[in-house]
Amino acid sequence: MAAKSSSSSTTTNVVTLKAAWVLPQRTQNIREVYEVGRKLGQGQFGTTFECTRRASGGKFACKSIPKRKLLCKEDYEDVWREIQIMHHLSEHANVVRIEGTYEDSTAVHLVMELCEGGELFDRIVQKGHYSERQAARLIKTIVEVVEACHSLGVMHRDLKPENFLFDTIDEDAKLKATDFGLSVFYKPGESFCDVVGSPYYVAPEVLRKLYGPESDVWSAGVILYILLSGVPPFWAESEPGIFRQILLGKLDFHSEPWPSISDSAKDLIRKMLDQNPKTRLTAHEVLRHPWIVDDNIAPDKPLDSAVLSRLKQFSAMNKLKKMALRVIAERLSEEEIGGLKELFKMIDTDNSGTITFDELKDGLKRVGSELMESEIKDLMDAADIDKSGTIDYGEFIAATVHLNKLEREENLVSAFSYFDKDGSGYITLDEIQQACKDFGLDDIHIDDMIKEIDQDNDGQIDYGEFAAMMRKGNGGIGRRTMRKTLNLRDALGLVDNGSNQVIEGYFK
């Protein structure tokens, strides 16, 4: 059972208008696009159905949230935030991908990829407990999702086995996180007081009504305890009894199967279920714990953050590609970039509307980056399109928006049309010159720019050449691509040669 209460409820504005909407724009009726089928599950706030896309026959899951359950303005905001967070995280390999959102007068519908392998919880029930190797593999995936959330300024707040699904019924199926209905954006150092979560998994500081992202690591520690033993660490016949046990914090490592569980596994659990959130392991530290690393399941070198990964990719693009991405970023829907907006605000600590070098350095440090100042300066220069010395909001969105969004045909056509002012079907030298002027770019070698993209050497860029440029080099890029003068050709060379320092991370 998920709990949700907030001290702000006394000032809540009750929504009385029948025509209140969650999404900023009206959508098609979901039944025009999908055939809604059998019921898959029922949650506290919504019902999930299987649905089939009429055009392709593809199978998806649809979470429908009835508006009659949205009693106040905050409830509507919660659903909108869930949608933003899912868009923000859904490119991660272990997060359920959101396909689209629909709304009518009675409900909001979230269409997601269909995971047919069932809940993690069900597999725990079936097996009783996993081997340490199986548990380590699963908890690594879960904590990678937690690390991804935290690096993006998102706190999940309801981690439990039921919120992780396997994509297939196979033994080696991929585990995916779902249900971000209680998740929130947060800033470093920010504390929360509303009691949310599920009884067995809730952290002691949540019960004390003063908590931050450390509470997610506690919940993951509870999941690990269950993965190894088949029972929760804090158990009682009633919710108040469970909460008392959590606040007491006494762990049982004497009952079966704990005597046969390795000391290293128990050490990790103790450090994840530390009563003090300040000394509790972070998600990053969990992934470096010997029990995980020594099993050769997690890499021995910590992954850099998503922000760093995207900035590195961005630094490998040529100038035209950067301008095109800026054009696309400005056309993305609000729900697609809502999470990035929050991330920008988190890094922009003085709320000036721009990110300075020091703010970028501090922001990267907070997400575990170990870059030298010169490397951070290269990233800053790469993102700072207009060379103002700071990164404004538009530049930040352009530098961090997931590159998969580039490849959508409608976005590429829109960006091409922006540069092709006369609608001739070609981008000419003069048109690029005008675009550089519009973007405040000086000292640009336009001939070299065209030469790099112009495959048939006719001195101009057609749509096919433009689309090819935009789609190339969008994979993981290694550490060496941060050189200030790096161009697209160099970046492609690194990708083709298979750099062994590929940056993956939560924007995968």
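Quick reminder: no glycine exception, Cβ is built from N, Cα and C everywhere.
What you see is a predicted model, and the numbers here were worked out from it, not measured in a lab.
Among the residue ranges 174-204, 298-328, 391-421, the one that Swiss-Prot annotates as region 'Autoinhibitory domain' is 298-328.
Counting every protein chain shown, the Cβ of E465 (Ca(2+) 4 binding site) has 19 other Cβ atoms within 10 Å. Sequence-distant neighbours of D348 (Ca(2+) 1 binding site) (same chain, 6+ residues apart, CB-CB distance under 8 A): T354, I355, E359. Looking only at Cα atoms, Y426 (Ca(2+) 3 binding site) sits nearest to Q460 among the binding-site residues L40, D454, Q460. The two recorded residues, E465 (Ca(2+) 4 binding site) and G46 (ATP binding site), have Cα atoms 46 Å apart. Secondary structure at E431 (Ca(2+) 3 binding site), as computed by DSSP, is helix. Note: the Cα of D454 (Ca(2+) 4 binding site) and the Cα of T48 (ATP binding site) are spaced 49 Å from each other. Across the domain 'EF-hand 1' (335-370), the DSSP tally of helix, strand and coil residues reads 23 helix, 2 strand, 11 coil.
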